[in-house]
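Annotated features in TrEMBL:
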{"type": "TRANSMEM", "residues": "27-48", "note": "transmembrane segment"}
{"type": "DOMAIN", "residues": "41-290", "note": "domain 'G-protein coupled receptors family 1 profile'"}
{"type": "TRANSMEM", "residues": "68-87", "note": "transmembrane segment"}
{"type": "TRANSMEM", "residues": "99-120", "note": "transmembrane segment"}
{"type": "TRANSMEM", "residues": "140-165", "note": "transmembrane segment"}
{"type": "TRANSMEM", "residues": "197-225", "note": "transmembrane segment"}
{"type": "TRANSMEM", "residues": "237-260", "note": "transmembrane segment"}
{"type": "TRANSMEM", "residues": "272-292", "note": "transmembrane segment"}
Amino acid sequence: MDTYNLTVLKYFILTGITGLPELEAPLFGLFLIVYMISVVGNLGLIILTKIDSRLQTPMYFFLRQLSFTDLGYSTAVGPKMLINFIVDQPTISYHWCSIQLTFFSVFITTEVFVLSAMAYDRYVAICHPLLYTIIMSQRLCHVLVAIPYLYSIFISLLTIIKIFISSFCGHNIIRHFYCDSLPLISLLCSDTHEIKLIILIFATFNLVSSLLVISISYILILVAILRMNSSEGRHKAFSTCGSHLTVIVIFYGTLFFMYAQPKSNHSFETGQMASVFYTLVIPMLNPMIYSLRNKEVKQAIHRKCKMCVNILL
């Protein structure tokens, strides 16, 4: 390998979101606000569901995990993206690129299965209310979160190690605003068939298995709701699922928009905007959805605010 190749492999150049310099300042301000709202919202939900005695149920345990994964993958991408708006040449070192990709992959994969666990939790709560506390034990809740984390770490390290032990051609320009697996694979000189196959298999398994759990859970929930005689009971059952369904539609809708459309219609700008949406905007929206649509969360926020006011006075 010549000196040029040895030099460029020390870092990668990120093309960023836009190539127009006049848009960099407005976009920096916009995404800074989005990221800060996301951090405050998700940290707030994590703390609130941890300290409020009335939110110590499996539903809010999984909500806390969702906020943690949202915070994790948005922080893996957001700060570096913001820094790259204000530097002359947006770069990321070879090692930091692998670290960023690892953390992003772990948290985004875990979130898929946390959403599935939340759907199963709602199924048990609505279809088996008398057995809810027995079935959704603390041990089961921890298992339903621990297994996705262990699985996500395994597949993330497997794919990322395979990418970074492969030979790069000397080109170091990543057409993205963060280190993602597919843009990195396009820079490899060695055969990429095995790596692409591994990513395809795991990505398909993740989406199909999680959507299968969610679909079956909500079909059974719908059947149970339709069998209810009380309109008040039906309304209460629908309201407990509303926030989760909204989050699922936004999250999976964005993923399908990115990957299900024909390549001929999939422009670079469209892909970038979709990536921004699920890496920064969705983590900002999730706390808002659960705060605005969930009566118990709103009451908990009101109690804590009232307590803070009393302390200050």
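Cβ coordinates are placed from backbone N, Cα and C, and glycine is handled just like the others.
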Tertiary contacts of the transmembrane segment (140-165), as residues 6+ beyond its ends and Cβ separation under 8 Å: 58, 61-62, 65, 94, 98, 101-102, 105-107, 109-110, 112-114, 117, 120, 181, 184-185, 188, 194-195, 198-199, 202
Cβ contacts under 8 Å made by the transmembrane segment (272-292) with residues that lie 6+ beyond its boundaries: 17, 31, 34-35, 37-38, 41-42, 44-45, 63, 66-67, 70-71, 73-74, 77-78, 81, 104, 176-178, 180, 243, 246-247, 250-251, 254-255, 257-258, 298, 301
Cβ contacts the transmembrane segment (99-120)/the transmembrane segment (237-260), at least three under 8 Å, sequence gap 6 or more: yes
For the transmembrane segment (68-87), sequence-distant contacts whose Cβ falls under 8 Å of one of its Cβ atoms, 6 or more beyond its ends: 14, 16-17, 24-25, 27-28, 31-32, 35, 38-39, 42-43, 46, 96, 100, 103-104, 106-108, 110-111, 114, 177-178, 279-280, 282-284, 286-287
